[in-house]
Amino acid sequence: MKMEKDEESHWANTTSVSEFILLGFSSHPKMQLLLFVLFLAIYLATLFGNSLLIALVKTDSRLHTPMYFFLANLSFLDISYTTTTVPQMLVHLLSTKRSISYVACVAQMYIFLCLGIIECILYAVMAYDRYVAICHPLHYTVIMNRSVCIKMAIGFWVCGFLFATLNTSFTMRLPYCNLNEINHFLCEVPAILKLACADTHITEMVVFVVAVIVLLTPLSLILISYVFILEAILRISSGEGRFKTFSTCTSHITVVTLFYGAAIFMYMRPASSYSPERDKMFSLLYNVVSALLSPLIYSLRNKEVKAAILKMMGKTDH
């Protein structure tokens, strides 16, 4: 009886939070202004680069290929991914009120996870597309036909929704009591779990298992694809052709390393090594920086895209 009263007393003293406070970055006004200008410039450049690529793929028939179909998907994801976090971050940098409602926090966490997981799988699909194009060029149009591309796209979107639902539901089923200050610029799982007033072991295990599936599995497929691609490059007789293909693959691997490296550290490191400031930097890498670099590295340097831009400019002039 006494134990029941103690338990009732414990939950009576525990209040559910209705909102969270995002501590974000520096509280120094001058630093906040500098960060605002920097992130606004990055966000606008991200919107411009990715929107331009989507417009080019839609309007130029020469870009109606599997590679550019997936690149357009990546650009749409990057726009959505950054829009989930950056506008709110910009507002908080100029405001003393940095609160976010419980419902809005859950929604941000879910959308952020969903888009991030989709992007993880999409990078693997894009690597497979390049593998088929370079290693099996004669069968490329047969293997990567329209039906296959659409099924792949549906597949990675469905996986994103399912795994994000799993992670979010396990994270938000935990009770969150009097602590409501999140030492982060967004509602991300590792930072949220630090506020839970219950054992987080099961949730951490679920997050880890999901990370293995959506991070290590696609990354393994990417590495295998690029091993075969590298073998094919070494067989190219033309030195110029070999250098061009190798340069393109190297730039692709740079983006992949940046994205997966930061995400793996965030979601697969031991809970004991949690560091708020370091986690913010890693989140910026796979959320903001990679979204800025993707259109530059994957698309806007390509000969076909440059030709499409010139064609678009020519139409405008007329």
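Note that Cβ sites are derived from N, Cα and C of the backbone, with glycine treated the same way.
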Which listed span TrEMBL calls transmembrane segment, if the choices are 174-197, 246-269: 246-269
Result, the transmembrane segment (100-128) in contact with the transmembrane segment (246-269) (3+ CB pairs under 8 Å): yes
The transmembrane segment (68-94) in contact with the transmembrane segment (148-166), cutoff 8 A, at least 3 CB pairs, sep 6+: yes
Within-chain partners of the transmembrane segment (148-166) [C-beta distance under 8 Å, separation at least 6 from its ends]: 66, 69-70, 73, 110-111, 113-115, 117-118, 121-122, 125, 206, 210, 213-214
CB contact flag for the transmembrane segment (205-234) and the transmembrane segment (281-300), at least three pairs under 8 A: no
Cβ contacts under 8 Å made by the transmembrane segment (100-128) with residues that lie 6+ beyond its boundaries: 17-22, 67, 70-71, 73-74, 77-78, 80-81, 84-85, 88, 152, 155-157, 159-161, 163-165, 167-168, 171-172, 182, 186-189, 192, 214-215, 217-219, 221-222, 225-226, 252, 256, 259-260, 263, 286-287, 298
